[in-house]
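To keep things clear, I will list the structure first and then write my remarks on it.
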Amino acid sequence: MRLKELGEFGLIDLIKKTLESKVIGDDTAPVEYCSKKLLLTTDVLNEGVHFLRSYIPEAVGWKAISVNVSDVIANGGLPKWALISLNLPEDLEVSYVERFYIGVKRACEFYKCEVVGGNISKSEKIGISVFLVGETERFVGRDGARLGDSVFVSGTLGDSRAGLELLLMEKEEYEPFELALIQRHLRPTARIDYVKHIQKYANASMDISDGLVADANHLAQRSGVKIEILSEKLPLSNELKMYCEKYGKNPIEYALFGGEDYQLLFTHPKERWNPFLDMTEIGRVEEGEGVFVDGKKVEPKGWKHF
């Protein structure tokens with residue numbers, strides 16, 4: 001069997017089975033050490049898969065930190081220390097690496113964390129691996145959704161996918177709303193403003209990186225429940241609506257299946273809604289399995305590596 005036949009999540013299940021691990025399966029790995037609750041996570045960004053060399057190096061550096069911080073936040077933690085390993089072509093301009101680390105530095109200053117080391121190796125294409133350590137008072141994973149919980153998301157959904165499509169068009173000139181969408185793809189901001197809310201109230205939580213339906217399916221499987229989503233409640237930005245109107249697209253499809261938004265998906269009782277956060281109730285946790293949109297079961301078709 002080839003990896004493309006097994007699939008990304010089939011491979012993860014195989015690794016869990018081989019290692020006999022009870023920890024693997026959340027956005028981070030929770031570890032208790034010297035009375036501290038640590039959250040460990042790692043993400044890889046590869047040239048040609050996650051970004052192109054033509055992208056602004058500072059944005060790539062920002063994103064490399066942000067996608068890891070998003071995992072820590074999703075589990076109710078704050079980022080503390082990072083290690084960065086780089087695979088670099090020998091003909092790469094030194095200025096590219098310098099600008100990459102300027103982006104890293106800006107992200108670390110914003111999220112109040114610190115790069116404490118890393119590694120460098122030669123390769124054909126750029127590869128970036130970030131290992132991040134966070135701390136929390138209460139770990140919130142994917143397996144705690146309760147029957148009757150409301151399902152919430154932060155921010156708006158689908159913007160990153162539209163931004164990527166615009167980038168790939170390689171237009172000579174973009175409209176302001178198009179530039180805003182491109183910015184949301186190149187420079188996502190992890191929702192650090194949600195940490196206290198997730199830590200205090202959420203029963204289950206994860207970030208949205210593979211697409212809403214795909215990630216809701218992960219949460220539903222881990223919690224042993226069904227998630228019902230109402231499409232009319234999905235939060236859509238004005239920029240996404242303008243993009244879809246201009247290019248004849250359906251914004252609901254982008255919200256449901258677009259990846260790399262790095263917003264949060266979480267569940268808790270309806271009455272714990274916080275009016276001071278940009279959270280939207282999009283559905284409910286019910287008895288059953290899988291993800292349903294407007295009463296119809298939907299199979300996940302978000303981002304997959306294999």
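Note that Cβ sites are derived from N, Cα and C of the backbone, with glycine treated the same way.
Here is what Swiss-Prot says about this protein:
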- D27, D71, D207: Mg(2+) 3 binding site (BINDING)
- D27, T41, D71: Mg(2+) 4 binding site (BINDING)
- T42, D43, N119: Mg(2+) 1 binding site (BINDING)
- D43, D71: Mg(2+) 2 binding site (BINDING)
- H50, E260, W303: substrate binding site (BINDING)
- Y101, G118, N119, R142, S209: ATP binding site (BINDING)
- D210: Mg(2+) 5 binding site (BINDING)
Q | Other residues, Cβ within 8 Å of D27, T41, D71 Cβ centroid (Mg(2+) 4 site) | A | D26, T28, L39, D43, N68, S70, V72, A74, N75, L132, D207
Q) Can you name the residues of this chain that are 6 or more positions from T41 (Mg(2+) 4 binding site) yet have a C-beta less than 8 Å from its C-beta? A) D27, T28, A29, N68, D71, V72, F131, L132, G134
Q) Which of these binding-site residues is closest to D210 (Mg(2+) 5 binding site) if you go by CA atoms: D43, Y101, G118? A) D43
Q | Residue with minimal Cβ packing [other Cβ atoms within 10 Å] among the binding-site residues D27, D43, D71, D207, D210 | A | D43
Q) For S209 (ATP binding site), what is the tally of other C-beta atoms lying within 10 angstroms of its C-beta? A) 22
Q | Structural state of N119 (Mg(2+) 1 binding site), classified by DSSP into three states | A | strand
Q) So how many other Cβ atoms are close to R142 (ATP binding site), meaning within 10 Å of its Cβ? A) 23
Q | For Y101 (ATP binding site): DSSP state (helix, strand, coil) | A | helix
Q) Between the binding-site residues T42, N119, whose Cβ has more other Cβ atoms within 10 Å than any of the rest? A) T42
Q) Per DSSP, to which secondary structure element type does the residue listed as 'Mg(2+) 5 binding site' belong, with helix, strand and coil as the options? A) coil
**Q.** Euclidean distance between Cα atoms of E260 (substrate binding site) and S209 (ATP binding site), Å
**A.** 4
Q: Ten-angstrom check, please: count other Cβ atoms within 10 Å of the Cβ of Y101 (ATP binding site), all chains counted.
A: 16
Q | Euclidean distance between Cα atoms of E260 (substrate binding site) and N119 (Mg(2+) 1 binding site), Å | A | 26
Q: Could you check what DSSP calls D43 (Mg(2+) 1 binding site) once collapsed to helix, strand or coil?
A: strand
